[in-house]
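Record features (TrEMBL):
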{"type": "SIGNAL", "residues": "1-18", "note": "signal peptide"}
{"type": "DOMAIN", "residues": "44-112", "note": "domain 'J'"}
{"type": "TRANSMEM", "residues": "133-152", "note": "transmembrane segment"}
{"type": "REGION", "residues": "264-310", "note": "region 'Disordered'"}
{"type": "COMPBIAS", "residues": "269-281", "note": "compositional bias 'Low complexity'"}
{"type": "COMPBIAS", "residues": "282-292", "note": "compositional bias 'Basic residues'"}
Amino acid sequence: MKLNVWIWMFALVTLVAASAWLPEDYEIFSLNDKVRGDLGATITFYSWLGVDKKSDTKEISKAYKKLLRRLHPDKVVGKSPRKKAEERFQRLSAVAEILRNKSLRRRYDYFLDNGFPKWKGTGYYYSKYRPGLIITILGLYLVSGLVHFMGLKINAKQDFKRLIEFKKVIKDQAWNGQLFPPVDGSDRKVVNEATGRQFVVNSIGDVFAVDDSNDDELVLLDESRINLSPSIKDTLIIRMPIFFWNFSVGKILPGLKVSLAKTETHPEPSSTNNNTNSNTKPKSKKKSNKGGKKIELPNGKVIYSRKKQQ
């Protein structure tokens, strides 16, 4: 707890310090970085002009004009790229302007004596390394994909817990709150008050939903059908390009369509008890149902179930 307080205090002090920089300070920071990046880490505005900190404005102007003639782009053609020569020429003018301005020179001397700050604020770094439109869109796309991936993992865990809790409620209702099944080993049919749907609990505690839209077929509520380890292939980073590919190229060349099916990494559910009571067993069709059925829980969430084996 004490460590967290110090972290927050440090962040607050850093924020206050960063917010105290003036626009002129950012100009000095940027120019200093460019000069040192071009001429060397030990170069200062004074050493570049060939003067010292005690030089007056007249001496600085004289040194500036001398160096200005020597670094004019027209005189360095062939020795260095034109663009680099022009940038250095403009940089020299900015340096002379700072040193001949009393207020700006005072600020520069302060940072020169006390050291330039390592953290200059997010605004400074954004303006220095400002990304282009394509890089910005790509960055947002990757971030949104990462957020989507984390959301898939969180939602899967929540759905897994909700289904287990929901099955427990149905089982308690069917067995009257007892931990063990009825002594006669019969299936028990109950109606959930929240949804009005019918469920069947067998003698080993498996919970089935009654699909009244399909001749009262029994489908198993199985939490193992929920994918607790979603793949990166399930996120927008992968699925969105595939969608647009199928929507464009896939329509013209159907053979090049890419499947958008989500990954299935969960284990197969264990076999269910075939011993059911004829008085409570609803009708069910004997047809193949390899895929999971969608069952809506009281909270509106949809989970996937599995047909009861006959």
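Placed from the backbone N, Cα and C atoms, the Cβ positions cover glycine too.
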Integer average pLDDT (0 to 100) for the domain 'J' (44-112): 89
Helix-strand-coil residue split for the domain 'J' (44-112), DSSP-based: 51 helix, 2 strand, 16 coil
